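Single-structure report; data block below.
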Amino acid sequence: MAARPAATLAWSLLLLSSALLREGCRARFVAERDSEDDGEEPVVFPESPLQSPTVLVAVLARNAAHTLPHFLGCLERLDYPKSRMAIWAATDHNVDNTTEIFREWLKNVQRLYHYVEWRPMDEPESYPDEIGPKHWPTSRFAHVMKLRQAALRTAREKWSDYILFIDVDNFLTNPQTLNLLIAENKTIVAPMLESRGLYSNFWCGITPKGFYKRTPDYVQIREWKRTGCFPVPMVHSTFLIDLRKEASDKLTFYPPHQDYTWTFDDIIVFAFSSRQAGIQMYLCNREHYGYLPIPLKPHQTLQEDIENLIHVQIEAMIDRPPMEPSQYVSVVPKYPDKMGFDEIFMINLKRRKDRRDRMLRTLYEQEIEVKIVEAVDGKALNTSQLKALNIEMLPGYRDPYSSRPLTRGEIGCFLSHYSVWKEVIDRELEKTLVIEDDVRFEHQFKKKLMKLMDNIDQAQLDWELIYIGRKRMQVKEPEKAVPNVANLVEADYSYWTLGYVISLEGAQKLVGANPFGKMLPVDEFLPVMYNKHPVAEYKEYYESRDLKAFSAEPLLIYPTHYTGQPGYLSDTETSTIWDNETVATDWDRTHAWKSRKQSRIYSNAKNTEALPPPTSLDTVPSRDEL
């Protein structure tokens, strides 16, 4: 009988539950308030955005100690969630400390990325059949293809949405590159990368045997005369594969397709695989994405590869910020020097800080030590200052293109160079380099200039001024080559004072000419002083015109910008008339022929005699050469 009350209670609870279920939504607890009673709307949470697709970045590095810090810096700065990125890294056959640098970086960043796979191989240091570290024997092609295949296999096993293949000497300076490529929605797509020539990471034509084919489209795309995303038969070096696309399952790097009969070359093998899979490759040039060097020939050295990197860096700085190295690796310090000169002067207007900063960084990357000369600002010159200096324009002078008189900007430029000549005399500097702040440097500038000066010393040439950058104005006849000194000619009529080497005797002659009372633009004054100016009336005002002037051939520096180009700016052309500060000039936009590119030099007027004959090594073909 004791169990009956418990059974009765259980039965009562069951009846209550049944009643509540029958009432459905009408049943309420006393403490619950109806939303209709207090006027509050129910909260509806929006859907969150999709996460970014997952990307595996495959990096193969060999003898890349010099490129890795900047390459990894660019990789770090990609505006893409690192938690959605995996790093697949391999290195082998190194004679430098590539492995140590890569390992240091991976150790420091592995917590940032979703996944890191590291495949180092310390031995051997070279392939048995290679002639140098830049040579690609068959064994190297095979090894690289196997590594790429392993990376592709890992990406598939990890269910990555994309795989990005990128060479360690390709620098993605545009942080949006990965997002932009994904947005193209192509199975295989590459960003067009820039070099110091026409070379890039794509082909527009391919022969039936798989070799490079020249096409008109290539230059149109490479020079941005056509922009977009173009179907091409070949992309290489840096490209993105969408692994979500069904056809991507058919892609392979190794072994080559069973029907493959073309050259055993990694980029050609993969292009064939893409074709057999029915996948179109695409090349995009809608934006500026980054840079790559021109590949070296098989016989070239790692030192030349380092020089290639330096040139890529300094070219990138002309219109864009510097490529900074990774914050997660140690960087080897640089040790600037004066290249054997007593002094190197860089002339810069104080208000042109952007030019000064770019030039200082550019020179530092080349390990060149300079002294900044604060230029005389033509905009700050007034009439009383000109009178105090006894400055008068040479009678009858007119700009050869616009027929205008001298400008205060040109006077400021002259005074800036004059101050350098005075310092050369005061300090008794025997050999001095002078450069302006708006120049771009030729590839291997430092090595070439030092070699030229060594050759001049060995030949015991009597010189006083040597142009290293100029605009040659006499273009119908060749200039006279200097015997026993390669790459040097006797200078004819020239414009521009971008850069020159001057001796103590040369500075003394220029200052001793007392040019203030008969002033010309400095680049007209110099040809007068070496007696090559075509206007005889100007020369009459200067009795002594025996300056010994020469020029490097080919030139070693050029302007960063020319008339009409984005970024072009002139502080000499845009100014005021020399003796009337109320009359402004704006010649750089309408009449600045002086600042335009070098005009065409007649074929029979080229300074070919000054060039050394090519060696057999210079003619070794490169698989990527255009």
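Note: Cβ is positioned from N, Cα and C throughout, glycine not excepted.
Residue density at Asn97 (N-linked glycosylation site): 15 other Cβ atoms are found within 10 A of its Cβ, drawing on all protein chains shown. Among the features that Swiss-Prot reports, N-linked glycosylation site is placed at Asn97 (among others).
DSSP classifies Asn185 (N-linked glycosylation site) as coil under the three-state reduction. Long-range neighbours of Asn185 (N-linked glycosylation site) (same chain, six or more residues apart, CB within less than 8 Å of its CB): Asp242. The N-linked glycosylation site annotation in Swiss-Prot covers Asn185 (among others) and is backed by sequence analysis.
If you look up Swiss-Prot, you'll see Asn382 (among others) marked as N-linked glycosylation site.
Taken from Swiss-Prot, the feature N-linked glycosylation site covers Asn580 (among others), and the record attributes it to sequence analysis.
Swiss-Prot lists 604-626 with the feature region 'Disordered'.
When averaged over the motif 'Prevents secretion from ER' (623-626), pLDDT in the model lands at 44. According to Swiss-Prot, the feature motif 'Prevents secretion from ER' maps to 623-626.
Among the features that Swiss-Prot reports, signal peptide is placed at 1-27.
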Between Asn97 (N-linked glycosylation site) and Asn382 (N-linked glycosylation site), find the distance joining the two CA atoms and give it rounded to the nearest Å. 59
Let me check the 10 A CB neighbour count of Asn382 (N-linked glycosylation site). How many other CB atoms are there? 10
